[in-house]
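The transmembrane segment annotation in TrEMBL covers 6-21, 33-52, 103-126, 146-165, 177-201, 378-396, 425-446, 466-489, 523-542. The annotation coiled coil is assigned in TrEMBL to 224-251. Under the heading region 'Disordered', TrEMBL lists 576-669. Annotated compositional bias 'Basic and acidic residues' per TrEMBL: 582-617, 635-644, in sequence order. The compositional bias 'Polar residues' feature in TrEMBL is assigned to 618-634. What TrEMBL lists as compositional bias 'Acidic residues' is 658-669.
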Amino acid sequence: MSGAALGLEIVFVFFLALFLLHRYGDFKKQHRLVIIATLLAWYLCFLIVFILPLDVSTTIYNRCKLAVNSSPAESNGSYVTLAPSKQKCFKPWSYIPDGIMPIFWRVVYWTSQFLTWILLPFMQSYARSGGFSITGKIKTALIENAIYYGTYLLIFGAFLIYVAVNPNFNLQWNQLQTIGIAAANTWGLFLLVLLLGYGLVEIPRSHWNGAKRGYLLMKTYFKAAKLMTEKADAEENLEDIMEEVRKVSESIKYNHPLRKCVDTILKKCPTEYQERMGRNMDDYEDFDERQNSYPSEKSLAKLHKQVIYSVQRHRRTQVQWQILLEQAFYLEDVAKNESSATRQFVHTFHSQEPENKIVQYFYTPTVEWYWECLLRPWFYRVLAVVLATFSVIVVWSECTFFSTNPVLSLFAVFIQLAEKTYNYIYIEMACFLTIFFLSICVYSTVFRIRVFNYYYLASHHQTDAYSLLFSGMLFCRLTPPLCLNFLGLTHMDATISHKNTQPTAYTSIMGSMRVLSFIADGFYIYYPMLVVILCIATYFSLGTRCLNLLGFQQFMGDSEMTSDLIDEGKELIRREKRKRQRQEEGENRRREWKERYGNRDDSTRSRAVHTDQKESSFSETNANRPLSKYTRSNGRTERDRIELLQDAEPLDFNADSVNDDPLESDSGR
């Protein structure tokens, strides 16, 4: 089984990252390089989280093996061996051979750092550029990132000059590498504690509120009112941008040098706008015939960028509105079915997507009623209590992990108890649950936060390329300090435990933080205590209240603005519900009419066809007879019939008044 666990987790994590990226990104419409770069960033970060418990168990086994094979005379070497166990050490099922993990961590870490500091920022500017060629987009991306890269080069150059001039410093390449890693981890730890303090409180609270049906329904009404405002704003913005595109398309004709740029912009517009602009366009008019002021290529690139943004925003709000409607309808159905005596879950509207037959067989209306109306609230309450317990343990350990004698960090206590008996399964499960919970608290906050309309991870394939790349940057910057924080909580980091024991392979790649003692002994130890203040602020919703005071409407139960938005959203949902009901009633009537009179229509149609065949055969037989006697009369009858048909006028049902006088009607004829 050596290395098998590593291979299985590598494959599993790849499909997990691919699944999440498919949920948020759009493989068909977004650029392949954006998809590949984001997938690689997410994959490497998730891989670090899943592989680190295997590194811990392998390190504990190596310590045990070193302790058993060492004698007291050999204890003055580079490692102080632990007390040998009475029982012989045995390999864990997930043991990774020596030499694999250092190479693995080195490749994963430096690849993620290259992505987050160099490649992904460049691709962000490239994706948002409105250029019409690859060269133009690259030029725009380089110009936008010149300040970004220049700032880091300036700081690094000043640091190198200071080190070279100061005779007290004698830094080597390994120490410079460690200083660079420490600087990146310090920035990541600063952001990590902010996101962790929010997630430790918000995740248990969201699951606890998930058991309250009335709370969820009111919040859905609130979201509907806000989303309708955003949806109307997106539609208005799209109309304004399309009007500018129409003017540009009419001014720049087919033989203008910039017409290719205009055609590229038109391809990004919605189909209905393309058809409307195509009908109003005169391709035969030469652009030199009228002396107009034509836009430049730079202004067209800016317009192209605005078109991409407005179309993406409009599409996202439309999809989110439909999803929110389905969620509101379902919550209203749950509220109605709670008092059902039949204990059969009844939906107001049938699902538009075809359901799986296996799911229909097991998830019957009775099972759905018991789950939604009885079991699900209690399940969410129990889960919220478990998550709250984990949050309390994390907060306590973050405040006490620097204490080594006695050991106050609960995660370190659990790992050390398992280390005494070398229960590797328990060690790996404890490490995995710990780092998994920390990752959920941090990563879920990344998925929830929204910076206006510049960064927003929207599900159902509605996330733009800029937000996907930005999330990859955040993951790559947050994951290394997250893992170091986890190793500190479990006292597997020698910087925290102050023991000269064999370090983990991940810690050996990071280097010794003793080069910067003020960071190793100060910032890394005392800054995580700030999570207590952040948890208290999140619990009392201080950030939400501040945003509400600044004019950003937030869901607060004691706010008058929230009550008004809830009433507005409730009316919007009721209006959409009536509209959906009328549509379904119309479809049902058409279906019933077709089922009731479909056979009669078929029989009538067959009789009409049979009669036409008879008349055609009769006319063919009469055509062979002499027609001199009836030619004039038949021709006159046909002319009279044509004149009557031409004189007939259709009825005007939209007239303001109806004339009921029969004399006037006869004169009209």
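Glycine too: its Cβ is placed from the backbone N, Cα and C atoms.
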For the coiled coil (224-251), distant same-chain residues with Cβ under 8 A (at least six beyond the ends):
262, 265-266, 269-270, 273, 276-277, 280-281, 287, 292, 294-295, 300, 303, 306-307, 310-311, 313-314, 316-318, 320-321, 324-325, 328, 553, 565-566, 568-569, 572-573
Using a threshold of three or more Cβ pairs below 8 Å, and leaving out pairs closer than 6 in sequence, do the transmembrane segment (466-489) and the transmembrane segment (103-126) count as in contact?
yes
Counting Cβ pairs closer than 8 Å, which of 378-396, 466-489, 523-542 has the most of them with the transmembrane segment (177-201)?
523-542
If we skip the immediate neighbours and take only residues 6+ beyond the ends of the transmembrane segment (466-489), which ones have a Cβ under 8 Å from one of its Cβ atoms?
21, 24-25, 30, 34, 37-38, 40-42, 44-45, 48-49, 52, 56, 109, 112-113, 115-116, 120-121, 123-124, 127-128, 181, 184-189, 191-192, 195, 394, 397-398, 401, 409, 411-412, 431, 434-435, 438-439, 442-443, 446-447, 454-458, 495-496, 504, 506-507, 510, 524, 528
Other parts of the chain folded back onto the transmembrane segment (425-446), taken as Cβ under 8 Å at six or more residues beyond its ends:
49-50, 52-54, 56-57, 60, 92-94, 192, 195-196, 198-200, 202-203, 387, 390-391, 394, 411, 414-415, 418-419, 457, 471, 474-475, 478, 482-483, 485-486, 489-490
